[in-house]
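Colleague: Quick one: this structure, given as structure tokens, is what I'll be asking you about.
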Amino acid sequence: MAQVQVQAQAQPPVSAANGGASNGGGNQFVSTSLYVGDLESNVTDSHLFDLFGQLGPVVSVRVCRDLSTRRSLGYGYVNYGNTQDAARALDMLNFTPLNGKPIRIMYSFRDPSIRRSGTANIFIKNLDKAIDNKALYDTFSTFGAILSCKIATDASGQSKGYGFVQFDNEESAKNATDKLNGMLLNDKQVYVGPFVRKQERESATNKTKFNNVYVKNLLESTTDEDLKNIFGEYGPITSAVVMQDGDGKSKCFGFVNFENADDAARSVEALNGKKFDDKEWYVGKAQKKTEREVELKGRFEQSLKEAVDKFQGLNLYVKNLDDSIADDKLRELFSEFGTITSCKVMRDPNGISRGSGFVAFSTAEEASRALADMNGKMVASKPLYVALAQRKEDRRARLQAQFSQMRPAAMAPSVGPRMSMYPPGAPGLGQQLFYGQGPPAIIPPQVIAIFLSVNITFFQFQFYVYFFVAEFFCFQVYAYCMI
């Protein structure tokens with residue numbers, strides 16, 4: 001079997017700038033806007049402007065940040081005035097280190113359907129951990145223009161052994177799949193195939209073969225014989241039973257077992273949702289209680305996640321509300337910032353306000369404006385706290401991350417008894433100093449203002465502060481010696 005070795009320096013990537021557009025009938029995805037991912041946390045707008053400005057006039061740049069913490073989200077956008085400069089920047093700057101970390105560039109499109117459609121998108125697994133984004137890009141770029149290329153990584157940045165490549169046309173994706181599937185990359189046989197969405201993979205998994213069928217919402221008069229007659233049209237049945245309680249009364253559900261799994265599947269497809277004497281039947285695969293609980297839990301979490309994603313950046317959490325504030329008053333307070341889609345004050349079972357609520361806007365810009373203006377505003381003699389609404393799990397993870405970054409302040413050990421260096425009533429001295437404690441950092445506001453008005457670095461400012469404190473300490477010792 002042929003072996004493909006991934007080299008650090010491969011052929012120049014095929015793209016719109018170097019002829020890749022001709023592959024597959026031309027590159028239809030030409031844009032002046034670039035997405036820049038995998039940014040180091042300290043990269044700023046000016047860093048992007050300086051780097052991308054070398055290849056042409058840059059119209060605008062933006063590093064995307066968290067609305068509340070203003071921390072970098074690890075990606076940004078660069079807009080050029082023409083497509084040639086954008087294409088040249090993508091070819092020449094892709095995977096260029098910025099602040100010591102290689103950046104990942106691809107075209108940005110206002111229409112997300114191009115990216116989400118999965119068109120010409122392929123999945124690669126069983127990759128060697130040494131293969132990074134650039135190596136994957138260089139390997140697959142020989143088959144056509146690449147819109148997106150990414151290795152999946154864990155929290156520490158290590159490869160998970162799989163990745164994704166999206167081409168600008170299906171023909172390039174098919175050629176790459178045919179040529180590289182089963183080949184060796186860094187001495188490991190890789191799988192290359194069409195990308196399948198998670199929902200489609202789950203639905204395919206759920207189509208496992210089964211023989212036992214569960215049916216509910218039956219009439220009390222429905223018997224075992226009725227089930228056999230109705231389900232028997234789809235294939236041979238080994239058993240059919242309507243469940244009954246201790247008194248022999250129907251529980252209005254039952255089970256039908258087929259000899260053939262295909263017959264069971266056809267009966268579910270044909271009879272689920274069908275009405276019998278104004279009763280709509282539910283017909284599906286018979287499951288154990290634990291299987292049903294796992295499935296229902298998964299559906300609930302998925303629906304909850306979809307709801308959170310839908311209102312991501314739109315929903316505000318408001319607390320410290322006065323007890324007199326109701327839904328209408330809360331809506332009135334925030335209505336000046338834009339269109340409110342929902343507004344609710346949270347209450348306990350007795351109808352008493354919990355002092356918190358939620359306000360959802362139609363756009364993220366409106367929510368951001370309301371957050372900036374309303375946080376800390378006095379309403380009914382109480383300052384409001386306004387923040388982006390988050391799931392409980394996200395809040396917990398964020399707090400844990402913040403806590404892990406905190407370090408306890410180093411404290412000097414106490415030396416000897418805590419005795420004063422000089423009497424409290426010493427002339428001109430109002431502070432007591434103790435062995436084992438640092439000198440009091442008493443710096444007049446005028447001095448701080450002078451330092452800040454001078455163009456010095458933060459570390460220089462720290463040096464001057466420490467120098468001032470040391471001088472102040474020496475002066476106090478001198479004054480004590482003169483007593």
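Start at 1 and count along the chain as shown; that gives each residue its number.
Even glycines carry a Cβ here, placed using N, Cα and C.
In case it's useful when we look at the structure, here is the feature table from TrEMBL:
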- 1-22: region 'Disordered' (REGION)
- 1-20: compositional bias 'Low complexity' (COMPBIAS)
- 32-110: domain 'RRM' (DOMAIN)
- 120-192: domain 'RRM' (DOMAIN)
- 211-288: domain 'RRM' (DOMAIN)
- 314-391: domain 'RRM' (DOMAIN)
- 463-481: transmembrane segment (TRANSMEM)
Colleague: Do at least three CB pairs under 8 A connect the domain 'RRM' (211-288) and the domain 'RRM' (32-110), leaving out pairs fewer than 6 apart in sequence?
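Modeller: Contact criterion not met.
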Colleague: Within the domain 'RRM' (120-192) only, compute the mean pLDDT.
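Modeller: Taking every residue of the domain 'RRM' (120-192) together, the mean pLDDT is 88.
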Colleague: Give the residue counts of the domain 'RRM' (314-391) per reduced DSSP state, in the order helix, strand, coil.
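Modeller: Summed by class, the stretch gives 22 helix, 30 strand, 26 coil.
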Colleague: When the domain 'RRM' (211-288) is classified with DSSP, how many of its residues are helical, how many are strand and how many are coil?
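Modeller: Helix, strand and coil residues of the domain 'RRM' (211-288) number 22 helix, 30 strand, 26 coil.
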